[in-house]
Amino acid sequence: MPRAASSVAVTPTSQPSTQQSAIRKALDADGPRTDWTREQISEIYNAPLFDLQYQAATVHRRFHKSGAIQMCTLMNIKTGGCSEDCKYCAQSSRYNTGLKASKIVTVESVLEAARVAKENGSSRFCMGAAWRDMRGRKTNLARITEMVKGVRALGMEACVTLGMIDAAQARELRDAGLTAYNHNVDTSREFYPNVITTRSYDERLATIDNVRQAGINVCSGGILGLGEEAKDHVGLVHTVATMPSHPESFPVNALVAIKGTPLEGQNPVPFDAIVRTIATARLVLPKTIIRLAAGRNTMSEEKQMMCFQAGANAVFTGEKMLTTDCNGWDEDKRMFERWGLTPMAAHNDESCIGIESRVPKQTC
């Protein structure tokens, strides 16, 4: 049977005093710092879980409003037919998953979906297209910029994930008013070749740099449960925490094993590994929004609350999350009411978009 990801490091763990030293650095930081070592992040990740979660919650309350959770909706605007070989993805043309490829949808259909999402409480609307990159897609990019403009006109944050983009394409999206661009690094640099061979780790980082240089917020995280080990969770967080500036968002996905993909029989990631990753990310990415993404629908409300206590403060909600099942709006509204959570408003004032200004100001 395929192995599940280890939840703690297989290498000797650090002494408690060393772990506390690394956690103390996070607690004492006035804001984001990008000089974290992999060893420090490993020390934090491998701290006793109860202490790790408590300290992450302490940092979370310094930089974020407790109990405020952003509701986001993700729509597939172009389904299937992707040339990449990502082993987890239902939309790769290399695997027989039963998914029928389709062309990009109309602007009108996207804006109608965005209106429904807003009516149900979502403040960010994300649009994903199954492409390797945007080369030679001028007509499609023009249509997507109209989608972005329309979503922003509704008073919502707009995010897209379109594969690799160059600097000029990033600037075009910025000029349309794009709030954020999602481009996950997926896992650690070391484990990455076991999952994807058609796009290098450095190509992913280059796209993220194009987005950052254009002045668009970066959304970049990973997937847990690909067969990796705890050291790869550490590597994932280290990659993101040592970027020139921290991303606005860090999505944490738990693998949804899709029939027909090479990972269809993969065992689920242990839940404590999800909590450890979220808590570690919160400590070293204090101002970043941590998004509980794919796989949330397999968690009980109690497990979701543990993730929120560890520092997660956004969820994806609605009818679908790309091609996978998603917690519905009504279900999430009931959960919010039961647990005293409050929906986070969109930050549409430009002074509130960058992470340096946006996160402490919860009432922009």
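Placed from the backbone N, Cα and C atoms, the Cβ positions cover glycine too.
According to its DSSP assignment, CYS86 ([4Fe-4S] cluster binding site) is coil. Within 10 Å of the C-beta of CYS86 ([4Fe-4S] cluster binding site) there are 22 other C-beta atoms, taking all protein chains into account. Taken from TrEMBL, the feature [4Fe-4S] cluster binding site covers CYS82, CYS86, CYS89.
The [2Fe-2S] cluster binding site feature in TrEMBL is assigned to CYS126, CYS159, CYS219, ARG291. Listed in sequence order, CYS72, ARG124, PHE125, CYS126, MET127, LEU178, THR179, ALA180, TYR181, ASN182, CYS219 are the same-chain residues at least 6 apart in sequence whose CB falls under 8 Å from the CB of CYS159 ([2Fe-2S] cluster binding site).
The annotation compositional bias 'Polar residues' is assigned in TrEMBL to 8-22.
The annotation domain 'Radical SAM core' is assigned in TrEMBL to 67-296.
Taken from TrEMBL, the feature region 'Disordered' applies to 1-22.
Of the chain residues outside the [2Fe-2S] cluster site list CYS126, CYS159, CYS219, ARG291, CYS72, LEU74, ARG124, THR161, ALA180, ASN182, SER249, PRO251 have their Cβ within 8 Å of the site's Cβ mean position. Sequence-distant contacts (6 or more apart, same chain, Cβ under 8 Å) of ARG291 ([2Fe-2S] cluster binding site) comprise GLN70, CYS72, CYS219, GLY221, SER249, PHE250, PRO251, VAL252, ALA312, ALA314, VAL315, PHE316. The [4Fe-4S] cluster site, placed at the center of the C-beta atoms of CYS82, CYS86, CYS89, has further neighbours from the same chain whose C-beta lies within 8 angstroms: GLU84, ASP85, TYR88, ALA90, GLN91, SER92, ALA130. In terms of local Cβ density within 10 Å, CYS219 ranks first among the binding-site residues CYS82, CYS89, CYS219.
DSSP assigns CYS126 ([2Fe-2S] cluster binding site) to a strand in the three-state reduction.
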